[in-house]
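Each remark here refers to the structure printed beneath this line.
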DNA sequence: CTCCGTGCAAATACTTTGCACCATA
DNA sequence: TATGGTGCAAAGTATTTGCACGGAG
């Protein structure tokens, strides 16, 4: 978990530099976010944050998530009919595949799709600001 | 508008066959849906339905939209940070491009992207149930 | 010591639901 | 006439906000 601590420290410094005050609550949430390998929603993040900083409120979690999103530390995901989920900003952009049976979320990236999207937008006189691609999938029978 | 009336009539028959009772409220909403060339939300659909059937309630609109979605007559769209919008099910599947400045929604379709998506899912052992692709775009300066 | 952040509760926005009455098939 | 649909108001979710107090810089 040393890697997470280091990542948290880096984020802390970067945020402080950006003029964001690092409170115990924010520290706790940063640790949770840096350590999350899944795609938790606000309530789940709050649940985890409470373990590190008892008493932290859900409002503070929401407020901090908004701030972290603005600072580019995390990204907000909005899947069909679900509460918003969050993920830390990776080095690379990626899209999501959601297993409709299990709810499992798999990340993927396709340069070809990215390129095609830009091409399509350009052909219609637009440039892409951001995009959202979600594949709702089911595990293949795969012969047995 | 004869085309819309005919489309409404077709839908009415299909729904009746599927065991869905056609009330004045549902008739009104069907007409509105069949005549909508844009992507209205529930409140806007209600506004339009009231003109055809004064007194129709928002709850009924929501309930009917859920029913129409289940029957495959319409599709629910969920863009970022907006209330759900609805569109009638076209012959062809398509994706959406949303102009972030104006809010305008443009439909598009790319066989190549569709094929790539299926390919990517297959490579990971999945088959696609449905997908969602949204391009949030901005009009290009285009040398002006 | 001064703001900015926090917890709390209330407000908000969208959507769903319980219930008594009404209308379609 | 027997369901199933409707309007209304109230409840439900997910998220945001006003306010007085508290802690980070």
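Every residue gets a Cβ built from N, Cα and C, even glycine.
Cross-referencing A:80, A:114, A:119 with the Fe cation binding residues that TrEMBL gives (A:93, A:95, A:131) picks out A:114.
Just so you know, the Cβ of residue A:93 (Fe cation binding site) picks up 11 other Cβ atoms within 10 Å once every protein chain is counted. Those same-chain residues not listed among A:93, A:95, A:114, A:131 yet with C-beta within 8 angstroms of the centroid of the Fe cation site C-beta atoms are A:94, A:109, A:110, A:113, A:117, A:133.
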